[in-house]
There are 6 protein chains.
Amino acid sequence: MRADGRETFQLRPIHIETNYLKHPEGSVLITVGDTKVICNASIEDRVPPFMRGSGKGWITAEYSMLPRATEQRNIRESSKGKVTGRTMEIQRLIGRALRAVVDLEQIGEKTVWIDCDVIQADGGTRTASITGAFVAMSLALNSLYETKAIKKFPITDFLAATSVGILQEIGVVLDLNYAEDSSAQVDMNVVMTGKGEFVELQGTGEEATFSVQELQQLLEAAQKGIKELFDIQKQALGDISLKIEGNVNENK
Amino acid sequence: MRADGRETFQLRPIHIETNYLKHPEGSVLITVGDTKVICNASIEDRVPPFMRGSGKGWITAEYSMLPRATEQRNIRESSKGKVTGRTMEIQRLIGRALRAVVDLEQIGEKTVWIDCDVIQADGGTRTASITGAFVAMSLALNSLYETKAIKKFPITDFLAATSVGILQEIGVVLDLNYAEDSSAQVDMNVVMTGKGEFVELQGTGEEATFSVQELQQLLEAAQKGIKELFDIQKQALGDISLKIEGNVNENK
Amino acid sequence: MRADGRETFQLRPIHIETNYLKHPEGSVLITVGDTKVICNASIEDRVPPFMRGSGKGWITAEYSMLPRATEQRNIRESSKGKVTGRTMEIQRLIGRALRAVVDLEQIGEKTVWIDCDVIQADGGTRTASITGAFVAMSLALNSLYETKAIKKFPITDFLAATSVGILQEIGVVLDLNYAEDSSAQVDMNVVMTGKGEFVELQGTGEEATFSVQELQQLLEAAQKGIKELFDIQKQALGDISLKIEGNVNENK
Amino acid sequence: MRADGRETFQLRPIHIETNYLKHPEGSVLITVGDTKVICNASIEDRVPPFMRGSGKGWITAEYSMLPRATEQRNIRESSKGKVTGRTMEIQRLIGRALRAVVDLEQIGEKTVWIDCDVIQADGGTRTASITGAFVAMSLALNSLYETKAIKKFPITDFLAATSVGILQEIGVVLDLNYAEDSSAQVDMNVVMTGKGEFVELQGTGEEATFSVQELQQLLEAAQKGIKELFDIQKQALGDISLKIEGNVNENK
Amino acid sequence: MRADGRETFQLRPIHIETNYLKHPEGSVLITVGDTKVICNASIEDRVPPFMRGSGKGWITAEYSMLPRATEQRNIRESSKGKVTGRTMEIQRLIGRALRAVVDLEQIGEKTVWIDCDVIQADGGTRTASITGAFVAMSLALNSLYETKAIKKFPITDFLAATSVGILQEIGVVLDLNYAEDSSAQVDMNVVMTGKGEFVELQGTGEEATFSVQELQQLLEAAQKGIKELFDIQKQALGDISLKIEGNVNENK
Amino acid sequence: MRADGRETFQLRPIHIETNYLKHPEGSVLITVGDTKVICNASIEDRVPPFMRGSGKGWITAEYSMLPRATEQRNIRESSKGKVTGRTMEIQRLIGRALRAVVDLEQIGEKTVWIDCDVIQADGGTRTASITGAFVAMSLALNSLYETKAIKKFPITDFLAATSVGILQEIGVVLDLNYAEDSSAQVDMNVVMTGKGEFVELQGTGEEATFSVQELQQLLEAAQKGIKELFDIQKQALGDISLKIEGNVNENK
């Protein structure tokens, strides 16, 4: 049993509140235990320079934390005048992951801006961001589709993410909170599609390593957790999830 | 009557939710119509260099908006690598205002960091920030007082802020929303204490001016609104407001 | 009597030298006691992006101090790589104030750049900047008018600024020098037009407050001082002041 | 067969030149096909602030490319005034990987700075950097050990890295060059220890995904390649490799 | 004859006004034709980190231009957030030149900050800065000496600078104004001591070259001009120049 | 005799390896004693804004050092977020020098980017950069000429650079290494053309001065050294040097 009473392969309580803020085309508050992230999706009618003339769209993400999302107050990146390496890594990860399940040709030369703002952090902020951002993006692209700004619903599959890790005394666990994450020997973020394929796999041993057998167990835990996340996303998306399932079946 | 149905001297619906986030010493979500600001207060056990050795504390504020708090997405200041003039002006205003009602000697060489993060903007974000930050700061300083980290409750009076302005067709109005603010000829932010004194008065005619008579009316509207804000703050603060009132009476 | 021998409502000796430097379209050295500011106005044949296509002009200001304008040497903002909040606040104030007395449609898609460079500081640098910048701007716009680059003289009224404040032992005083400003309980900057209307009113109690009665007195002192400033501006502008008066009468 | 004539599981020609530059404590030029990276290791007699007083050492890495290491010239990060997200991600990866095979307590409060400067790029620069940096670091730590600045040789195992990926027409391949990398559906970087354990696993499908079976094949290819890299490292390190093997045996 | 009527080897009218501003320890306005530079010298009671513990002082310079010192308005370096290469080159030159005639051991661990702010530019701003800064520095160091903060007057010789160049139609000329400088084939800045030795010699052919014979003529012109500058400096310094001459004689 | 056994007027061993890297249009590794610089020339098909529409080309240079090119590791300029004054000075010098021997009209609206990256530093890096960059630029412009992208070979003369200086105990010496440079009283960089004319002359006495006689000797040493550098450049350039000589003869 883990310190917070969970089983090794048990997620924390998760909730996704849709239409959280009024201005964004898609807006979600995702709660994963004590981790809370506002995920907003905005549509911009142009693409970055390297995509111009391609006829294809683009999806890009930004990630930030409130200074007091954490136990100790952090200095704002705007005050420091630069974005940390950690933030950049997470932003690139979120954008890349979402692009794997969108048919960019269908959305034309538009950019979907994803903003993930962590208002309270207790571990797993990057995977919560991906799971929530997928819902916010689905809402925004659905509004494009419903207003006939795009012809075909462009999301090709579900997408969710979780973290797994190895704790010295317990072994492999699913969905680490901050205390667990800080003491884990191995930390792995897994992003998967509804079809059960990997989009991203980032396993790291900080001053430690992991074997092929341990990798096997980590992936099993992740697969179990991500399946549960898909159910929560479907509930949040309601009818929109049918359009995604339609696309999945069509591509089989 | 105003576009949203309010009387000229009527505030929007206002709500203050205390203990909004779990990490900060004081945390508040203030809602003023569609404007929503998370106000967090953090205690740091040291003061900035220019205050060291003074035996006195310091209060400083930071202000930011989520990129999609607004109708159009704004570029993050961390991405731009610099804080705009508008942000700096607001940060300086919030800090200065709060310092006017705190006995800095009582808190010793500690800094109270105020973070005002606007998650949804519809006008009046700086005055909502001040009104909410006062409550967050009170919670944080009260916890210092209750844990006997400081000997005397250091807040000397209530503090709240609102905006007033002049609309071409209506005249003087209280608590402008974004649409009103954009078309106002004169815009004035007023910060007042429970005793009815001014802490800050910032009146601006953008390509317009105002007379002494208009100033009179603007101040009346502000006074009425701020009195109502004090009631909402007292409700949110519960027993803590008695400690503030105690200090007010003592200083008479 | 004040430390420098002045009456409470007495300005320091003020002088405005026109055509101070040879390159700018308008150039002024304004001296207010020991405060000396070079105010230059430059005409650029385009407007910032947000104004393009509007057919209207723009007025923007920059403010800076020589490192040794002050008692202690300050680090250059160019060395720090960023502009302080104080500088941004002042720059925005100067630009906003000047725009209130110019008919931007008359100047077409041109920008008037105002540069206020403080070479010696002894309090009141922002109000001296506004008072001097008005004259520099008038010279520059007059040269546009005289060369028939614009059809109508575009300045609609006079504009000047001063500071007032409350000193513990003396009460309300006009035009504070640095020593007075440092010890003042309340500090207020007032920008007014020739017609006697307010353009900006910025009153601040740093760790103090002020009552409605005190506000009344502060405004009286400011009005008296600003009237005297108008006389000094008119003397400096010579015949150009007649064109401004013509516009004032026309708009009555 | 691949475009450059290699088998699917075949590395490019690899060479490690030790003592490449004269100033660094450890210096290596690693050549992987047409990719060339100078890896320098420098010893500094202090640790970053967050490690002070811990009695332990630290290893940190920086990565850069000459502007014309690539087919098209890139703007220098020093000219841009900021480091890109890609660079930060790579720097963090290199440092983290190296720390997994060093007993930081043995080196005391010293920092090993790793500088990987790509002078010619043809794919796989981050994995070449890790493989070369391990050798440079070994040389630097060996000189500390030989001069008795540290008591025990602190490297606990070998470490090398390679990339694997999935090409549309060929399937899983080892050690992708730039042309292959640009068209790969899946790209994975694998860092392993001499014992055959994983230190880092970063698999990414850019607008694509991969199955559990494909993951299996990717890891096999990576394991084969990394074994060959260990032989090349041992040849480059000569007798120093015996000290590493001694530590490996001791920890069994 | 030159466009402004001067002989080829004739300086422009030069004037040095001492004690120009009230705060700096040494303050000068130098006028060289239409070029005007405020040169201030400030004393700081510590040295930069690389000099600490040396017992010696340091002299460092900063250089800037008002945005409208020039025919066309320039963007402020503080707005750009960085200092240009040209500014850095000039700052380093001024500091290096002044250090050549000061006995840094005599001033102890103090820094002399030289600020050269060009308020009007018409060519030769860097040489005017050096010539004026020498006087400002002499005033500041003399006040240290007169208040017995240092025991020996530390300036060992006079120092002045001018520019020379080659104009296509006229040949070698002394003290180029902006129009001449823009069209010159060769441009040379020369800094010399009272003894007639070189401190700096920076000759540049922009898309042109110069022969040994031409170098000879350029140096002759410079020597003539600098001798005249010494007379103007001596007049400005009054009795202080006797202390410098005393040191020159002592070192013979 | 000098510390490294050289005569006073003797260069260090010098070698220029052409076609050092595969991507750049011109690429050279120049070795001057222990100083090693990679000089790359890249052709870009446009010119900076200030040259557009002129029909002429541009040549610009960037200079950098590996952090561990030096005895002590230096912080990367990309980490610092800004380029030092020294780097800017060198970059400007290299670009200016090369432009003196190229007929910019012949190359049309193209930019030649010169990148000088010092991988090992032992004094004289800026002069080695110029000498090597001339060869890299010649290779790049020759490839433009051979592919008929330009009609006339545009290099009008040879160009090389060396340093000379005055050592306390030895007097004037040629081609200073780092140890000599650090202790030299006078340091001079000389850039000359094949015709024997000066392009740049930068002599500096750091806390010292030099006489007209010493200048004479310094120039003699430089002329001798640069003649030898021309021979090494010609050998490296092979037949391309004949095209340069052809242009030299044509312009006589």
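Using the three backbone atoms N, Cα and C, a Cβ is placed for every residue, glycine included.
What TrEMBL says about a protein is an automatic prediction, not a curated fact.
Sequence-distant neighbours of E:Thr125 (phosphate binding site): residues of the same chain at least 6 apart with a C-beta under 8 Å from its C-beta are E:Thr35, E:Val37, E:Met65, E:Ile90, E:Val118. The phosphate binding site annotation in TrEMBL covers E:Arg86, E:Gly124, E:Thr125, E:Arg126.
Assigned with DSSP, the residues of the domain 'Exoribonuclease phosphorolytic' (E:10-139) fall into helix, strand and coil as follows: 37 helix, 41 strand, 52 coil. Marked as domain 'Exoribonuclease phosphorolytic' by TrEMBL: E:10-139 (among others).
Per TrEMBL, domain 'Exoribonuclease phosphorolytic' is recorded for E:158-225 (among others).
Report note: the phosphate site is defined by E:Arg86, E:Gly124, E:Thr125, E:Arg126, and the residues of the same chain whose CB lies within 8 Å of the CB centroid of those residues, excluding them, are E:Tyr63, E:Ile90, E:Val118, E:Ala121, E:Gly123, E:Thr127, E:Ala128, E:Ser129. The average pLDDT for the domain 'Exoribonuclease phosphorolytic' (E:158-225) in the predicted structure is 95. Within the set of binding-site residues (E:Arg86, E:Gly124, E:Arg126), the lowest number of other Cβ atoms found within 10 Å of a Cβ is recorded at E:Arg86.
Applying an under-8 Å Cβ distance to chain B, the binding-site residues E:Arg86, E:Gly124, E:Thr125, E:Arg126 reduce to an empty list. Among the record's phosphate binders, E:Arg86, E:Gly124, E:Thr125, E:Arg126, no two C-alpha atoms are more than 13 Å apart, and one pair sits at exactly that spread. Under DSSP, residues within the domain 'Exoribonuclease phosphorolytic' (E:158-225) fall into helix, strand and coil as 20 helix, 30 strand, 18 coil.
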